[in-house]
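Here is what Swiss-Prot says about this protein:
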- 4-260: domain 'Protein kinase' (DOMAIN)
- Ile10, Gly11, Ala12, Gly13, Asn14, Phe15, Gly16, Val17, Ala18, Lys33: ATP binding site (BINDING)
- Asp123: active site, proton acceptor (ACT_SITE)
- 299-359: region 'Disordered' (REGION)
- 331-343: compositional bias 'Acidic residues' (COMPBIAS)
Amino acid sequence: MERYELLKDIGAGNFGVARLMRNKETKELVAMKYIPRGLKIDENVAREIINHRSLRHPNIIRFKEVVVTPTHLAIVMEYAAGGELFDRICNAGRFSEDEARYFFQQLICGVSYCHFMQICHRDLKLENTLLDGSPAPRLKICDFGYSKSSLLHSKPKSTVGTPAYIAPEVLSRREYDGKTADVWSCGVTLYVMLVGAYPFEDPDDPKNFRKTIGRIMSIQYKIPEYVHVSQDCRQLLSRIFVANPAKRITIREIRNHPWFLKNLPRELTEAAQAMYYKKDNSAPTYSVQSVEEIMKIVEEARTPPRSSTPVAGFGWQEEDEQEDNSKKPEEEQEEEEDAEDEYDKQVKQVHASGEFQLS
């Protein structure tokens, strides 16, 4: 525990708070995701850690280790200095087609590897794609909190993910192929990069989940006239946004699509990527902990803290440096969870109404 020092808070997600830390010995920067000890340490957390640990690919954030503090379980990961792809889009408004393709190519290569490892992400979105700090940024997929492994878990049927990115079959409440749903989310990501808006949200009423769901189910989207997008790209999007998952384009087909192959960096070609698909994957794992050690730590973290009194620095020695008038990450997280509850409520209402049916 004493090996790391706190530098700053870097955000809050579905399950915890993230902080930038520095290894005192090596000076390496790492990101730590903190999850409160006790009830929040459930099978989803264990699944996230075990799934993430098994992945070794340059387009996926590296898992390093898990540690337990008096108050939290901390997942230690590679730090991506370039921040979220979402922020880059917000600053740019939208990307050129070439820039969007550059990031989409990397996203697809990372997702392709996850699927090869029998892991579907189930929450792919701009906020879960990070960038390293290099001039030509390398994209890195993160946050495997909703992920499922077909080797370890049943087929998914729960409605998880982020409303704007969710595939029609995920709304069906029946079993679905998580890999095919991931393809849909990749398509939404591509659209947002090109247009600077979500494909199925009503721009005049973006919080109307019922309307968004209706547009998703009826594949109601269009590319604005003021955005120049090539025919090859439009054709690819039309093959991704298909309601019937059996007829949707696959990751393999995307990787062979003419639009995807244009200006494909050498490191993303199938020949260069082949090394990551070998049983003796030589990419560094960075995790010195065995699955057994990890599960033992996770089990320990299921025990709630001895005292309900908050410990400064999430159980580390450093003090929290929160300004009095600023929102704490925990409060931001509660707001996010409230929004998710509202979304789940809306989905249930739509199902109860029988208004939208999947064929």
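Each position is counted from 1, following the chain as shown.
Even glycines carry a Cβ here, placed using N, Cα and C.
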Here the Cα-Cα span from Ala18 (ATP binding site) to the residue listed as 'active site, proton acceptor', rounded to a whole number of angstrom, reaches 18
Around the Cβ of Gly16 (ATP binding site), the count of other Cβ atoms that are within 10 Å: 24
Select the most exposed residue of Ile10, Ala12, Ala18, where exposure means the fewest other Cβ atoms within 10 Å, treating these as the binding-site residues. Ile10
Once the chains shown are all counted, how many other Cβ atoms turn up within 10 Å of the Cβ of Asp123 (active site, proton acceptor)? 22
Average the pLDDT scores across the domain 'Protein kinase' (4-260) and report the rounded value. 90
